[in-house]
Structure formats: structure tokens, C-alpha cells
């Protein structure tokens, strides 16, 4: 008699599972951490975040920084973030999609920011990276450059550096041997 009830219970369980929608995908620890990091973000009006693949893909997103002071005042800079499933044990991969005249960002969009490389620790989060990027626009660092030409100009002639930045931000201009197109957003 007991076996009969077990068979009925199993049949009922199979029937219930067949009536349900697709099984819910279990989130990885990295996805859960990113979800928490993003929900805790408290960004100033000069920084925005967007999810081009929809809210279901939190592992790939874009951050736009629009500095309201410093050399880069009036500029608009788009960064893509790709977060791997092993996050927070590995820093997110970040790329600058806006061509920018900056000592710490090269013309291919690679970024020299210590928390994205050697100083990354699992206790850091998405907010740390975003504010680190923002800080690069407030205080560009010529001592650890990716764009050596921009670093040299910043170090040796800050007024020319400021002029070069403004021309690059305006777009449709040459700065040295590099053409900066008009901003596309």
C-alpha cells in the first residue's frame, strides 16, 4: 500500500513539472554579486548606467560618464562592462568606447586603472570601478600612462593639454596625428 502512494506522488510531481514553464535558471555567485552591487549603486547625475541587452543580462552593461568639471567638462564617455561568472574574484573587463585624448586611456579604449588590474580584490565592487573611472577624468595621471603623447603634454604644457582635450571632445578635429570624430550620441 505504501508503494502505491509513492508511485502516485511521483506521477503527480511529474505532472506538475510538465505544467510549469521552463525551469528557472539558477544564478551563479557572480550574477548574484553583480545584482547586489548594481542595486546598491548610488550614482551622481553625471554618471548613468544602461543595460543594452535588457535587465535580464546584468553581466554586460554600459556606463556613461559626463564630467561637469575639470579638463573633460562637457564630454560624454561611454564604457562597456563585461563581468565574468567568477566575479568578484576577477575584475570586470571595461573598455572605453569613446575615442578620447587621455593619458590613462589609449586610442583603442584600454584603460590604465589600478583597480582593474593589480589592485583588484574581491572586496571591491562595481561602484569602486565606476568611481575610479570618474576620478580619471577629474585627475588624469601622466605618471602611469597608456597614451604617452597625452601624458607628456599634460606634464609639460597643461594649457595645450586642455586645448587638445577640448578639440577632441568637440570632434571632427585632429589632435597631433590622431583624428577625433564627432560624438555619435
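Keep in mind that glycine also has a Cβ here, set from the backbone N, Cα and C atoms.
As recorded in TrEMBL:
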- 112: active site, glycyl thioester intermediate (ACT_SITE)
- 29-174: domain 'UBC core' (DOMAIN)
CB within-chain contacts under 8 A for the residue listed as 'active site, glycyl thioester intermediate', separation at least 6: 104, 105, 141, 144, 145, 146
Counts of helix, strand and coil residues, the domain 'UBC core' (29-174), according to DSSP: 49 helix, 25 strand, 72 coil
